[in-house]
């Protein structure tokens with residue numbers, strides 16, 4: 001009986017994924033699409049866009065950073081939502 005109870009507790013912990021972390025895209029506009037598992041506590045993804053002599057640059061990653069004026073920032077809170 002104790003073995004069954006212990007097994008149920010272990011299965012419950014594994015299924016609940018108590019250490020859940022967010023997954024976000026983390027590639028720049030000119031790079032192949034890649035993802036990153038964010039650090040614990042980072043619950044959002046961002047998409048940051050700006051223009052320079054190379055054209056429009058898009059940067060993606062975990063978190064929701066503070067940006068300078070003239071930089072477009074979008075933050076979201078679901079899996080790989082920052083494409």
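Any Cβ shown, glycine's included, is placed from N, Cα and C.
The signal peptide annotation in Swiss-Prot covers 1-21.
If you look up Swiss-Prot, you'll see 24-45 (among others) marked as disulfide bond, on the strength of experimental evidence. For the recorded site, residue 24 (disulfide bond), the DSSP three-state label reads strand.
Feature annotation from Swiss-Prot assigns region 'Loop I' to 24-38; the stated evidence is a curator's inference.
All protein chains considered, the CB of residue 27 (site 'Moderately important residue for binding to acetylcholine receptor') has 16 other CB atoms within 10 Å. The site 'Moderately important residue for binding to acetylcholine receptor' annotation in Swiss-Prot covers 27 (among others) and is backed by experimental evidence.
Here residue 28 (site 'Very important residue for binding to acetylcholine receptor') comes close to 57, 58, 59, 60: these same-chain residues lie at least six apart in sequence, with C-beta atoms under 8 angstroms from its C-beta. The annotation site 'Very important residue for binding to acetylcholine receptor' is assigned in Swiss-Prot to 28 (among others).
There are 9 other CB atoms within 10 A of the CB of residue 30 (site 'Moderately important residue for binding to acetylcholine receptor'), with all protein chains counted. The site 'Moderately important residue for binding to acetylcholine receptor' annotation in Swiss-Prot covers 30 (among others).
In sequence order, 21, 22, 23, 24, 45, 62, 63 make up the list of same-chain residues 6 or more apart from residue 38 (disulfide bond) whose Cβ falls under 8 Å from its Cβ. Taken from Swiss-Prot, the feature disulfide bond applies to 38-62 (among others), supported by experimental evidence.
What Swiss-Prot records for 39-44 is region 'Stretch between loop I and loop II'. In the predicted structure, the region 'Stretch between loop I and loop II' (39-44) carries a mean pLDDT of 94.
For the region 'Loop II' (45-62), the number of residues in each DSSP class (helix H, G, I; strand E, B; coil) is 0 helix, 16 strand, 2 coil. Residues annotated as region 'Loop II' in Swiss-Prot: 45-62.
For 46 (among others), the entry in Swiss-Prot reads site 'Moderately important residue for binding to acetylcholine receptor', with the evidence type experimental evidence.
For residue 50 (site 'Very important residue for binding to acetylcholine receptor'), the same-chain residues 6+ apart in sequence whose C-beta sits under 8 angstroms from its C-beta are 56, 57, 70, 71, 72. Positions annotated as site 'Very important residue for binding to acetylcholine receptor' by Swiss-Prot: 50 (among others).
Annotated site 'Very important residue for binding to acetylcholine receptor' per Swiss-Prot: 52 (among others), in sequence order, evidence recorded as experimental evidence. With a cut-off of 8 Å between CB atoms and residues at least 6 apart in sequence, the same chain places nothing near residue 52 (site 'Very important residue for binding to acetylcholine receptor').
Other C-beta atoms found within 10 angstroms of the C-beta of residue 53 (site 'Moderately important residue for binding to acetylcholine receptor') number 4, with every protein chain shown included. Look at Swiss-Prot and you will find 53 (among others) tagged as site 'Moderately important residue for binding to acetylcholine receptor'.
What Swiss-Prot lists as site 'Moderately important residue for binding to acetylcholine receptor' is 55 (among others), and the listing cites experimental evidence.
There are 14 other CB atoms within 10 A of the CB of residue 57 (site 'Very important residue for binding to acetylcholine receptor'), with all protein chains counted. Taken from Swiss-Prot, the feature site 'Very important residue for binding to acetylcholine receptor' applies to 57 (among others), supported by experimental evidence.
Taken from Swiss-Prot, the feature site 'Very important residue for binding to acetylcholine receptor' covers 59 (among others), and the record attributes it to experimental evidence.
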DSSP three-state assignment for residue 64 (disulfide bond): coil
